Amino acid sequence: MNTVRVTFLLVFVLAVSLGQADKDENRMEMQEKTEQGNSYLDFAENLLLQKLEELEAKLLEEDSEESRNSRQKRCIGEGVPCDENDPRCCSGLVCLKPTLHGIWYKSYYCYKK
């Protein structure tokens with residue numbers, strides 16, 4: 001029975017002493033992996049930033065294309081109310097105050113020149 005105890009004690013001491021060495025090695029491995037992980041995170045962050053910049057450039061390009069292809073604002077036809085400060089009467093028409101007496105919805109209308 002003493003031999004079993006001595007053998008068990010010997011195995012226990014060896015396991016503890018070797019386990020501590022493994023613990024130091026594990027700590028060093030973890031530090032290396034952490035440093036590698038940080039460089040990986042920096043790489044991933046830069047890659048994501050590049051993709052976002054490309055996407056932003058595409059979106060801005062699409063916006064500029066839409067503004068180039070969009071229609072001009074429609075003009076106002078004859079006899080239609082217009083704004084004195086911002087007349088949008090079609091070519092050949094002028095925004096004037098009506099000559100007839102009466103109650104009008106707006107005080108200016110598009111008339112021929």
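Indices start at 1 and increase along the chain as displayed.
Every residue, even glycine, has its Cβ placed from backbone N, Cα and C.
The shown structure was predicted, so the numbers you read here are calculated from the model rather than taken from an experiment.
The disulfide bond recorded by Swiss-Prot for Cys110 reaches one of Cys89, Cys90; that cysteine is Cys89. Long-range neighbours of Cys75 (disulfide bond) (same chain, six or more residues apart, CB within less than 8 Å of its CB): Arg88, Cys89, Cys90, Ser91, Leu93. Just so you know, of the disulfide-bonded residues Cys82, Cys89, Cys90, Cys95, the Cβ with the fewest other Cβ atoms around it within 10 Å is the one at Cys90.
Straight-line distance linking the Cα atoms of Cys82 (disulfide bond) and Cys110 (disulfide bond), rounded to a whole number, equals 6 Å.
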